[in-house]
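Okay, structure first, notes after.
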Amino acid sequence: MFDFMTLEKVWEKGPLVHNITNIVVANDSANGLLAIGASPIMGSAKEEMDELAKMADVLVINIGTLDGELVTAMKIAGRAANVAGTPVVLDPVGVGATSYRRKVVQELLAEIQFTAIRGNAGELAAIAGEAWEAKGVDAGVGSADVLSIAEKVANEWSTVVIISGEVDVISDGTRFAKVANGSALLPRITGSGCLLSAVCGSFMAVQDDAFRASVEACASYAVASEYAEIELERKLPGSFRPQFLDALASWSVEKTRAKAKIQESGEHK
């Protein structure tokens with residue numbers, strides 16, 4: 001099923017990815033999207049949301065650094081994207097960390113139909129209402145089953161769920177996949193998950209099956225990180241960051257197929 005031709009479609013079509021993202025990761029997200037052949041726009045003024053929704057091929061909403069004006073812009077953009085039939089991705093950064101973040105995410109989920117939600121296990125557990133000890137915006141620890149969390153959120157909100165970790169878990173509520181790739185250096189650079197959300201969005205912009213797009217995006221991204229680590233003389237995050245950008249710029253269907261470790265199942269048992 002996963003032939004990774006979605007990767008080629010991103011190069012061919014150069015989708016316009018509208019990011020309403022946080023101030024920590026905006027530059028890296030934009031550069032990462034450019035590296036894979038997508039076209040980023042980082043507009044966040046509420047006055048331009050309707051126009052941007054008509055232009056963009058996908059909208060990615062990231063709650064990393066919130067304020068009231070930005071939340072208003074997110075809601076306007078999300079509703080406009082729904083009307084336009086544009087895919088919308090939510091990255092609920094640190095949703096379990098504060099009551100304000102939980103409130104904002106619940107409002108966004110109530111007002112916008114998201115094509116996909118991507119976060120770490122702690123963030124998705126918070127959305128699912130499962131017990132989890134979050135550590136700020138990091139995943140933290142918990143005893144809930146990650147597959148069950150993915151299934152619950154996917155079915156409750158009619159969306160694809162992507163839970164990032166040592167093994168990524170992807171589900172649309174009926175289909176499940178695990179991606180067992182990735183460099184250990186990825187979580188040591190800030191914004192690697194935020195960029196993955198944007199990359200998933202770019203794949204959804206050119207592939208109607210959001211589940212397939214998500215699996216192929218996660219695998220391609222993780223494999224690129226492995227190739228980046230191979231090139232390093234010193235396995236350190238400062239060296240890894242630019243090397244990873246280069247790996248994204250030089251990724252290919254053949255490279256990804258050669259290393260991708262995907263386990264797919266039709267149901268969660």
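Any Cβ shown, glycine's included, is placed from N, Cα and C.
According to Swiss-Prot:
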BINDING   MET42, GLY191  substrate binding site
BINDING   ARG118, SER164  ATP binding site
For GLY191 (substrate binding site), nearby residues of its own chain (Cβ under 8 Å, 6 or more apart in sequence): VAL24, VAL25, ASP28, SER29
Other C-beta atoms that fall within 10 angstroms of the C-beta of MET42 (substrate binding site): 14
For ARG118 (ATP binding site), nearby residues of its own chain (Cβ under 8 Å, 6 or more apart in sequence): VAL89, LEU90, ASP91, VAL161, ILE162, ILE163, SER164, GLY193, LEU196, SER197, CYS200, SER214
All-chain count of other Cβ atoms within 10 Å of SER164 (ATP binding site): 27
Local backbone state of SER164 (ATP binding site), from DSSP in three classes: strand
